[in-house]
Structures are given as structure tokens and as C-alpha cells.
Amino acid sequence: MTIPGTLLQQNEAVSSRKKANDIMKRSILYVLTLGIFLTATSELIVGGILPIMAEDLQISVALAGQLITAFSLAYAIGTPIAVALTSHLERKKVLLGALLVFILGCLLALWSTSFLTLLGSRVVVGTSAGLFLVVSFGAVSRLVSPDKIGSSISTLILGFSAALVLGTPIGIAISNSMGWRVIFLFLAVLGAVLLLVLIRLLPTMEGSPPVPFRSQLQLLLHPVLLLTFSFTLFRESGISMMNTYVSPYLVQILHYSISETGLLMLVLGLIGVLGARLGGHAADKWGTRRIILFSIVVLAASFGLLPLMVTSPIMGAAFLGVAFGTLFFVSPSIQTYLIQLSPASADLLLSVHSSFIQLGLASGAAIGGLLIHTTATVAYNPWGAGLFLTIGLGFILVAFSKQKQAQIVSG
């Protein structure tokens, strides 16, 4: 016979353990988000301090710009390779190893005495940053229940959004006052602190069983995935075609001043942060496919209608606000959708997806620049972006249709 008081104590103990477990999971989620903030800041900051770095290294700004190219290529090519090579390893070790390599890459940048050494550091940092991001997504999907994956991933994406809004401006301020190398010192020190915290917090998570290369290739060549990656390529190209040149658009087309443009960029970034947070909860509540379709339609429409707002700067800024909020709003749904397609191969899919993101961003910026060069104005970039997003919408609609027929991609 169970004594009532004993039963009550048992229930309280179970409730206490559950609460402690939830707190632990939230703590891990927030620490990983801080890690993504650091890795994203390391990516974004260089674009803001290129002239300073070029002057210090006594090279042209164009040559210094190859530091961004090196990071992007390392991220796009190195991440899937690193994920494939480490997929069978325990996840905690991979996360800690990626963060340790990131720290070493930052220290290499700090102590670099030549452009080639600095270029090498960008390759190291780019590959490790990509690996840390992808494995963080995969680890979180294992730690939380399926109905919380979207909101948890949206928290991780906040790390990137915060780097865009806060990390880059803070980094530029540090560079102007103490020199650009100090930025990488701060990133290394903060990375080391996070490394120690993760050593203590992260539980052991087994890696995936070794999968033959042929099986991985068959998975990646699945029609649903090929269509989804094509969607990502056109989506990111469209976004980059506009977002890369959003500052000139605000100044030249909507006729905002330089100071007003700086404030608007901050506001747009904050809207993006809010969009990412809301998007994760929306994915959990209404499903990833609904959010993806809704967001792409709204985003394409926002860019498509933007040129019609040239006579009203306020309406133009409002449409850009909708666009920024929507593009971050959908991000958690896309990541969650890929995880749902093949949970066993989530890291591999997310790493290849990241490569298509980088490829899309690079090609969109190039196409957008070519459009400006051809038309001698940035006024038509929103229509180009809307066109690419509409093509992407076509790819994802076919992907959803084929997934219904195939039910699920097997891992």
C-alpha cells in the first residue's frame, strides 16, 4: 500500500527532475545560440571593415574582398565535407572540436603578418563556423520534442540575426577604436568561454551509423531534395539580389539620407530578429509547408510591389520591413522541414542546404550587380528579386507535391 505522503514526494521529485531537465536544455540552446552569434559575427564583420584591413595590410580593397570570398567558399565546400567526415562521431566532440578550430582560426587572424596567412584563417574559420552551425541544428533537434523543433531552431537563428544587428556594428566600432585585429581576439576569448561552458553542459549524443558514400549520394539525389535545394538557390539569389544593394536603394531610389539609412538598416535588422522568433513558433503551430508557401508569396509580392512605392519613402520602407520580417520568419521552417524529411541524415542535409545558401547569396549579389551595371540604376533589383523568388516558389510547390507521393525521404 502506497502512503499518500510518499506518493506526493515521488510526484514532486519527478516534477523537479523534469524542471531541471528543461532548464538544462534551455541553457544548452542559449549557449549554442551565443556560439552561432560569434561565428556569424566572424563572417559578417569583415565586409564592414574591408577598407581598414586593406590599409593596414597595404593591399587594395578589391584584394581584401577576397577574404569574404574565401570564407564563403570554405563554408559552402568545406561544411558538407566536414559534416560527412564527422557524422559517425559523438556530437558533443564534434561541436567542441568545431568551436576549438574556430578559436584557433581567430587567433591565426589575430597573429597574421601577411595577406595569405589571413586568407588561410578565413578558410579555417569558414569551415568550422559552418560545421558548428549545422551540428547545432542537428543536436537541438535531438534534445527537444518534435513539436518544439521549429521554435528551438528559431532561437538558434536569432544568433545570426543578432550578429547582423549588433555584432557587425559593435565590431566596426572596436575596429575603429582599437584596430581590426582586436575583433578576432574578442571572438577567440568569447569562444573559449563558450567552449568551457559547453564542456560542462552538453550531454553525450551518439553520431549517426556510418553510411556508405553511395547511399548518401542516393539520398541527396532524391527528387524532393533536389527540388528543395533548387528552391533554396533561387530564394537566396533573389534575396541577395535585393538585400546586397538595399542601402543604395534607400538612398538613390527612396531618397533617404545616409544617417536615415543607417537607422533604417538597424530597424530592418530588428524586424528580422522578431520575424525569426515568431517564425519558429508558427512552424510548430501551423506546419512548415504552410509557413514556407505563405512566406515566399509575401516576400515575392513585397519585392515585386516595392518599385511602385518610389513616390512614398514611408511606404517603400514599410514594404522593405515586411520583406525583412518575412525572410527571417521562414528560415526556421525551412531548416525544420529538412530535418523532418530525413531525421537520420539531418546534419548532411543541413550542410548541403547551407552550401546552396552561400551559392545563392554569391550568385544573387553578382546578378544584382550586373543588373545595376546594365540598367545604370538599382531601381529594378526588386523586380529581379521577385522573379527569382517566384521561380523558387515553383520548385518548392513541385517538391511538396512529390513528397506527398513519396511520403518521406528515407535516411
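A Cβ is built for glycine as well, from the same backbone N, Cα and C atoms used for every other residue.
Here TrEMBL flags 28-404 as domain 'Major facilitator superfamily (MFS) profile'. Per TrEMBL, transmembrane segment is recorded for 27-53, 59-82, 94-111, 156-174, 180-203, 215-234, 254-279, 291-310, 316-338, 350-372, 378-400.
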Top Cβ-contact partner of the transmembrane segment (59-82) among 27-53, 316-338, 350-372 (pairs under 8 Å): 350-372
For the transmembrane segment (180-203): best-contacting stretch of 94-111, 254-279, 350-372, 378-400, by Cβ pairs under 8 Å: 94-111
Tertiary contacts of the transmembrane segment (291-310) (same chain, 6+ residues out, Cβ under 8 Å): 235, 238-239, 242, 253-254, 279, 282-283, 316, 318-320, 322-323, 326-327, 329-330, 333-334, 337, 379-380, 382-383, 385-386, 389-390, 392-393, 396-397, 400
Cβ-Cβ under 8 Å with the transmembrane segment (27-53): same-chain residues at least 6 beyond its ends: 61, 64-65, 67-68, 71, 75, 95, 99, 102, 106, 118, 122, 125-126, 128-129, 132-133, 136, 139-140, 143-144, 152, 155-160, 162-164, 167-169, 171-172, 175-176, 180, 183-184, 187, 190-191, 194, 197-198, 201-202
Seg_contact(the transmembrane segment (215-234), the transmembrane segment (378-400)) with at least 3 CB pairs under 8 angstroms, min sep 6: yes
Same-chain residues at least 6 beyond the ends of the transmembrane segment (378-400) whose Cβ lies under 8 Å from its Cβ atoms: 223-224, 227-228, 230-235, 237-239, 241-242, 245, 248-249, 252-253, 289, 292-293, 296-297, 299-301, 303-304, 306-307, 310, 364, 367-368, 371-372
Contact between the transmembrane segment (156-174) and the transmembrane segment (94-111) (at least 3 Cβ pairs under 8 Å, separation 6+): no
Remote residues contacting the transmembrane segment (350-372) - C-beta distance under 8 A, at least 6 residues beyond either end: 72-73, 75-77, 79-80, 82-84, 130-131, 133-134, 137-138, 220, 228-229, 232-242, 244-245, 334-335, 338-339, 378, 380-381, 384-385, 388
Within the predicted model, mean pLDDT of the domain 'Major facilitator superfamily (MFS) profile' (28-404): 86
